[in-house]
């Protein structure tokens, strides 16, 4: 007798929420971090640094996230004969390096997009290069980055579902488990999973809209 | 370091067998997304508030939930839906799943293209007494479509990199072949590396091409703002 | 260049020494030679107006002094020190950032497009360099800035953001921002040409005010001929990358026989100068 309902599916999926959020938060933090490092790397005066960062970005943007994830999880331990990779580490590493590469282009683009006159005015006030970046360029560039950063947060949330494929017990993993024993419940299970993700995405959607508002104000329009 | 070249050369022909599936699926789901995206754009232009609201949120829902789950839904759940459900092959499921997900993005591209045509063009068409259909065909679309081409090209590349998701429901593309090879030989390293290389070799030149096209279009149409909207969606 | 070395040895600046000295300055952008050997001295407190057709290189002259553009050849001496070259093991080498910073502290600039910092309030625009560059206490910096804002007639706007101001107000803030740094030389780069005609007056009024104080040397790149005549001690006419005429406003704007200058002025007075 198949007598499971939404009320039975719900608590099962709920067990995975904390893992999903954990992967989301860690990946987001590292993605942003990498985005800034690589974004500045691409703007470096040192050719070697610039080329190297460019190489990293092309590699990670040129391949598929799911391939990168499997590569980190299955191939790296074999390549170096070490078992560094916990699932969490492989998952967060793959997602962060992938989205860090994409977002580094936003960091770079925003810094370049700050009006040239801003840097000149800062020079005329005798600021050091570091002060120019910290006090004048970055505050404006970050405002420009915000909406895209918000968009990518939603992308990262969606990407976290991949970690179920390397055995992390996130929302999708629990859903898949339940489906494998109750195939008839598949519609309820997957619809509910989608709703779970959507509810997690909602605050991010509103955050992104808010970011768009902030971004519209307070940027130089010479 | 534990790299074996003989494994690499042994796995290569095996993995490459999946390449045609991967490429075919890319184009099939892309075509699906192009058509479905058109439908969204059309629906959104119907001047009806509740309908508009509904379409907007359905699109938002599709866009902000994982394509992997959507794929599972279509493959595992759709056949179980009473009444309208039917069993779809893994390949068809992947076309529909990936296609629908990206149709919401493609629709935004269409929208930005249409909005980039100035209001004056509509007014001029009215002044010339064109019919609605003539206005679209002769005036709006010829101006709206060309600037979207680089963005649409971008989405083809993005979807190409998204297609290996289908290996999870058994579509035998390159990732699936590599996993099969890996499981057989208890060695994933070389096979997965081949997959990565194949993606890189195919997508990088395409990306360069799109960038070139983008610059060219930028110069020709001088419509920087809509082209800048590249969201770089992977996943 | 022995004479350059000599100057670096001298301590302090006498009253009759120029505060800025351009020595045979050339500047090219790619194939385009914009300046072809400029020699120009600015005395302390002197007000100099640079005029000339667009593309004559007048803006480039002051941008090089502000270190926004590097000369292709020649020397710029500020307060007896070579701006773009520094002494290293008894050799003159290209100046590094630190050297430029030491010297350009005496120079301030107001830009055509204001270049206010849009993410800061009016007051913060003025105080930020005092606090971070001059290492002044925040309170002191604010007091000094408020005084300056009142002087340019914007004391009540200290809390506003640049986007809330008119063009003329923005330019007055930009001047206050430069003035609080108390430079010895102030550069004005076509400060009224981005403004609506009805807003030009309020900005010129402030410049007139500053000029009256007398202490500070000023170099104005301008298209306002009447204004140049009114406040400048000296007018310099640039044409084709060289100084074609130079002298008191009266000499240059009224009595000169230079044909190019005549036709330039003629075009201007007929109202289509640029």
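From the backbone N, Cα and C atoms, a Cβ is placed for every residue, glycine too.
All TrEMBL annotations are machine predictions without curation.
Per TrEMBL, the feature domain 'ABC transmembrane type-1' maps to A:17-202.
Sequence annotations record features per position, and here TrEMBL assigns transmembrane segment to A:20-43 (among others).
Residues or ranges marked as transmembrane segment in TrEMBL: A:55-76 (among others).
With a threshold of 8 Å between CB atoms, the same-chain residues lying at least 6 positions outside the transmembrane segment (A:82-102) that come near it are 22-23, 26-27, 30-35, 37-38, 56-57, 59-61, 65, 68-69, 71-73, 76, 152, 155-156, 159-160, 162-163, 166-168. Taken from TrEMBL, the feature transmembrane segment applies to A:82-102 (among others).
Residues annotated as transmembrane segment in TrEMBL: A:152-173 (among others).
For A:185-207 (among others), the entry in TrEMBL reads transmembrane segment. Outside the transmembrane segment (A:185-207) by six or more residues, the chain places 2, 4-6, 9-10, 13, 17, 20-21, 24, 150, 153-154, 157-158, 161, 171-172, 175, 178-179 with a CB less than 8 A from a CB of the stretch.
Nonlocal intrachain contacts for the transmembrane segment (A:152-173), taken as residues 6+ away from its ends with a CB within less than 8 angstroms of a stretch CB, comprise 13, 15-17, 19-20, 23-24, 27-28, 31, 65-66, 69-70, 73, 87-88, 90-91, 95, 98-99, 102-103, 106, 193, 196-197, 200-201, 204-205, 207-208.
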